[in-house]
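A short write-up of the structure that comes next.
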Amino acid sequence: MHALSGFSLVSLLSLGYLSWDWAKPGLVADGPAEAGDQPSVAPPQPPHIIFILTDDQGYHDVGYHGSDIETPTLDRLAAEGVKLENYYIQPICTPSRSQLLTGRYQIHTGLQHSIIRPRQPNCLPLDQVTLPQKLQEAGYSTHMVGKWHLGFYRKECLPTRRGFDTFLGSLTGNVDYYTYDNCDGPGVCGFDLHEGESVAWGLSGQYSTMLYAQRASHILASHNPQNPLFLYVAFQAVHTPLQSPREYLYRYRTMGNVARRKYAAMVTCMDEAVRNITWALKRYGFYNNSVIIFSSDNGGQTFSGGSNWPLRGRKGTYWEGGVRGLGFVHSPLLKKKRRTSRALVHITDWYPTLVGLAGGTTSAADGLDGYDVWPAISEGRASPRTEILHNIDPLYNHARHGSLEGGFGIWNTAVQAAIRVGEWKLLTGDPGYGDWIPPQTLASFPGSWWNLERMASIRQAVWLFNISADPYEREDLAGQRPDVVRTLLARLADYNRTAIPVRYPAANPRAHPDFNGGAWGPWASEEEEEEEEEEEEGRARSFSRGRRKKKCKICKLRSFFRKLNTRLMSHRI
């Protein structure tokens, strides 16, 4: 009977049925006693690495930043680890994920503009070695659960071809939390939940946050803790659509704003998912030799319930509210714990940092923009990073008041760009909505709360802030310090000389899920990609007349979707 009970416990937890019902409070913190700043014993083997990425979680949307949302697990893990309070990410989904997995700025991946959309023949550059591939070389088993959003038009772009041994999740940017349907425009809808390289139709109906936590627990239950593990959990939460199990909504029933109420429920559900994963790390013998990294992917979307207060701006902008990240590291291996770090850290830094922890090596030949920041995080040393290129987007160059003359002949200030050098931050072009938006606690009815966010009256194309002294970006010093402006513009120009061309192809009608059994998935071969590139470069006339006739319908559809993509979908993130 006891043997049967033990079997049932493990089986149910592996399947996720038991993992959502905690018998004891505070299990997340149950572990070996921590000795404050005392050095930890060096691990006997490379550490297990658990990287947890959330989607659209705002700077203010965690308890330890004073939020009205309950996140007891995140609060406790952060308090016992190292809070990263000078940590930067990118303002939208694909760029952050690409920089995490390549260690390179967007200008060095060709993904400078917007996101990768479901019908675009685009993906993470296939000639760049990814973080999981590096970890595989170091002897790690690598697993991904959750949102990919780095392209899938060819099978070579899929997570299982880019370094992950297993994958369960969605390939596109946002799906329904229960049905896993995603629409990329009117009538262009398909199912998007995949296991490995197959469509996971049978898992539909399970709330994604719970499903992903259950799969993470199952991976831990079935893996030998003597072998190093990299587990990348990229939650869909708390990206729209705003959907939550009813029991979490009930906790926030007194919150007046409907969007904020749903958003808060989703955050708390995600917090409990992290608790379950942490418990599984302890239950199956991983915790004592593990490093848990928690990160948001971009700022919160304020008109969808998120909050970046007191920072300026929101998701999709280069103000601090768009690029300042939630982040912490929790690990028994930290030499100095229970503290806040203000060392400058960027999402590209995780690549060399984690490869170093794994016992691997990186070199200048890898072309990385990240730094190994483990000594800064674990020991409290100074960060090797002194600057961050937030981005240069040459396709977004429509700022009416920008010009080359306005940039001292050094830089065209109509181009959207942002850079941080030391304590200075410079923005050019149109950085996006720039208001300071308090948490949306007002009751929601048409025309009320979202009008709190207004587009600033932009009559300039250059902003300069001392971000150390003015983290809320309230005092523009561009007029007072033209010397600093000139220096940072020159630095932008230096970076731009190393940039590769932007890759942002038009939508391909062959990507329609109707051509793939109703699901989103790869549609192109290598030969077809070359053909597409030739057409985009204006060399389609070299094809035979017979071939053009054969593909007449496809050509017309492709032309139509190009227009649809550029006119209607270009701002859908």
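Keep in mind that glycine also has a Cβ here, set from the backbone N, Cα and C atoms.
The signal peptide annotation in Swiss-Prot covers 1-23 and is backed by sequence analysis.
Using a 10 Å radius centred on the Cβ of Asp56 (Ca(2+) binding site) and all shown protein chains, the other Cβ atoms total 27. Summarising the annotation, Swiss-Prot assigns Ca(2+) binding site to Asp55, Asp56, Cys93, Asp297, Asn298 and lists similarity to another entry as the type of evidence.
Per Swiss-Prot, 3-oxoalanine (Cys) is recorded for Cys93.
Taken from Swiss-Prot, the feature substrate binding site covers Lys147, His239, Lys315. In the three-state DSSP assignment, the secondary structure recorded for Lys315 (substrate binding site) is coil.
All protein chains considered, the CB of His149 (active site) has 28 other CB atoms within 10 Å. As annotated by Swiss-Prot, active site applies to His149, with the evidence given as similarity to another entry.
According to DSSP, Asn276 (N-linked glycosylation site) is assigned to a helical segment. Feature annotation from Swiss-Prot assigns N-linked glycosylation site to Asn276 (among others); the stated evidence is sequence analysis.
As annotated by Swiss-Prot, N-linked glycosylation site applies to Asn288 (among others).
Positions annotated as N-linked glycosylation site by Swiss-Prot, on the basis of sequence analysis: Asn466 (among others). Around the Cβ of Asn466 (N-linked glycosylation site), the same chain contributes Glu423, Trp424, Lys425, Glu475, Leu477, each under 8 angstroms and 6 or more positions distant in sequence.
If you look up Swiss-Prot, you'll see Asn496 (among others) marked as N-linked glycosylation site. Around the Cβ of Asn496 (N-linked glycosylation site), the same chain contributes Ile107, Ile392, each under 8 angstroms and 6 or more positions distant in sequence.
Among the features that Swiss-Prot reports, region 'Disordered' is placed at 515-550.
For 525-537, the entry in Swiss-Prot reads compositional bias 'Acidic residues'.
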8 Å Cβ shell about Asp55, Asp56, Cys93, Asp297, Asn298 centroid, Ca(2+) site members excluded: Thr54, Gln57, Ile92, Ser96, His239, Ser296, Lys315
Sequence-distant neighbours of His239 (substrate binding site) in its chain (C-beta under 8 A, six or more apart): Asp55, Asp56, Cys93, Lys147, Gly173, Asn174
Closest of His149, Asn288, Lys315 to Asn276 (N-linked glycosylation site), Cα positions, recorded positions only: Asn288
Shell list (substrate; ref centroid = CB of Lys147, His239, Lys315; cutoff 8 A): Asp55, Asp56, Cys93, Gly173, Asn174, Gln236, Val238, Thr240, Asp297, Asn298, Gln301
When distances run from the Cα of Asp297 (Ca(2+) binding site) to each of the recorded positions His149, Asn288, Lys315, the nearest one: Lys315
Binding residues Lys147, His239, Lys315 (substrate) - maximum C-alpha distance in whole Å: 18
Spatial neighbour of Asn298 (Ca(2+) binding site) that is closest, considering only the recorded positions His149, Asn288, Lys315 and their CA atoms: Lys315
